[in-house]
Amino acid sequence: MSLYWETADLLTAPNNAGGSLKSRIFSKKDLKSQPAQVYALAVETCKWSSVLKEVVENADILRLERKLTPIISILLAHDLLLAKKGVALPATHGLRTSIERHKNRLQAEFTRARIRRKLGSVEAFKAFIESGLENGEDGPELLRPRWIRINTLKTTLEDQLETTFLGYERSTTVSAVRTRHTKSLFIDGHVPNLIATSPNVDLTKSDAYKSGAIIFQDKASCFPAYLLDPLPEDGDIIDSCAAPGNKTTHIAAILLSHNAEPDECSQVLHAFEKNKGRAETLEKMVNLAGSGTWTKVHPGQDFLKSDPKLAAFKNVGALLLDPSCSGSGIIGRDDMPALHLPAIKNASNSTSKPHKKGSKVPEPTSEPRKRKRVDHEEALDVMVDDDGEVTAVNSEDELKARIDALSKFQLELLLHAFKFPAARKITYSTCSIHAGENELVVQKALEHPIAKEQGWRILKRENQIRGMQEWPVRGSFDACNGDEVLAEACIRANKEDEHYTMGFFLAGFIRTLEPEKDLDAEFIRDERGHLVRDIMGFPLRNAPQEESLNPVDGPVDQTLAHPTDEKDEWTGFEDENGQNGPAPLPHKAPKLGNKSWPDGRQITTKKRPQFGITDKKRKKSKKSD
């Protein structure tokens, strides 16, 4: 069976294989074993590797069983001693017989290892390992607290404190929950309905987790939806790159918290995800979290190809952008778990041949064979983006080229969001530590003609929601070219500081939309809704303005204006025998000056012929004759 060999190959792969252990396993296309089975065996073996190394070395089975390699020996020992079903190989398989013939000795050494740690039972031993206390400082990632968002679409913080987290000790600082030998939790002071807990308890088996009442989400990942803070007056919302759905469901929770009658909320949350596989994950998350009523998933649709002028998006007032990035801020993205391998006792590691008489036998090494960790500064061999795509990076120039390519896409996404006509606020975020994907993208966006034409500007720190105002880690002053206002407006989170978050970046954009002028409302209408016009036929405005075409201040002079009606319309002058007589003259002719129509066209005025005066002169001349 290939399970043990495939797991061994993945655990001992060179450092430049790229990505986390999980991404390596699930992206490997030629695995014969189930990826989930390989991953579980690899993780559990690494977790127990310091103990298993001790057991295998003290049992001295590597010297006795030449078929077993150090990595294979601890994989088999793990299943023999800890797996419910034992070794997953046929009873007659050579590897299984090699490990099982030493079963009693291995179990005895396992018991001694437990007693040396002063643990009274196997269950206590397992809790000790799960708590991360065995690895101590060797596994700092294990000492990070677990961040949990309370999903207010289904529950409340108070309810969860009285049920799921009943009996937990309340900590006053997030660092206090790092001592994971006890159950403790910390209520976050920046993001509402967010807590940090000790990670030694498996909450994945709790009813709250299975029902979607609690969601595992890093604190920094909660920043975008919280900063966006969608209000009822913001209209519809777009999450442009929505999978797996943590931020999408967080938006929905905040949206509903601002509505007094959630069932009557008519706002729509559009969730775009161009990858169909990830879109399925998104839909499952939306349904589990209970936000399906207000969320419209667009599976397989690229946000960049959406038309901002479509009727479906005419009410979109807020957008959350969390595009693909280098993923350099994700915890453990470039790390492999610590792996302790046993050494062969009283034998050379380089040969299995017996030593000649008189030759010096090498002393067994007491140093553990441990997989080296790669510092971030040296890890230029590969880069994994947040979609799991692995890109080879062999130099600083190649890293810069990759960042440049990502930043072009990120800028394009941001500029596209600027084009939505009713949009008033946008958040842009990445899980990257590189300024090229963060502050530089923000600067380029603000300097772009689209931003200036549409009136977009940075959301300053003093205008941000309270929790984000008070967050102490801000943007890079140098990356912002010394612009202190811009640097303070940007929000960062570091993955190696006292806040225990992932590496993250966030910035907000806002604009003030001027209400469109209702030109029709500027004009006077009669009780039948007809426009009231002056003697020249021009509509009269409601109030006198500097550019008003109404020449009369105050009430409308009925001698200059009358409602348009078919019965009252002027149809021309009667002939000389007509009874109507000449048209009446105004008391004072309006001075129109250089006026224009609302659409900008100039109004040309000509002096109207005064037919009445001419007729009077004609009558006088006839009498004189």
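Every residue, even glycine, has its Cβ placed from backbone N, Cα and C.
If you look up TrEMBL, you'll see 136-512 marked as domain 'SAM-dependent MTase RsmB/NOP-type'.
The S-adenosyl-L-methionine binding site annotation in TrEMBL covers Cys241, Ala242, Ala243, Pro244, Gly245, Asn246, Lys247, Glu273, Asp302, Asp322. All chains included, 14 other C-beta atoms sit within 10 angstroms of the C-beta of Asp302 (S-adenosyl-L-methionine binding site).
The region 'Disordered' annotation in TrEMBL covers 345-375 (among others).
The active site, nucleophile annotation in TrEMBL covers Cys431.
The region 'Disordered' feature in TrEMBL is assigned to 542-625 (among others).
The annotation compositional bias 'Acidic residues' is assigned in TrEMBL to 566-577.
Under the heading compositional bias 'Basic residues', TrEMBL lists 616-625.
A separation of roughly 15 Å, to the nearest angstrom, links the Cα atoms of Gly245 (S-adenosyl-L-methionine binding site) and Cys431 (active site, nucleophile).
Taking the Cβ of Cys241 (S-adenosyl-L-methionine binding site) as reference, residues of its chain lying under 8 Å away and at least six apart in sequence are, in sequence order, Phe272, Glu273, Phe303, Leu321, Asp322, Pro323, Ser324, Leu413.
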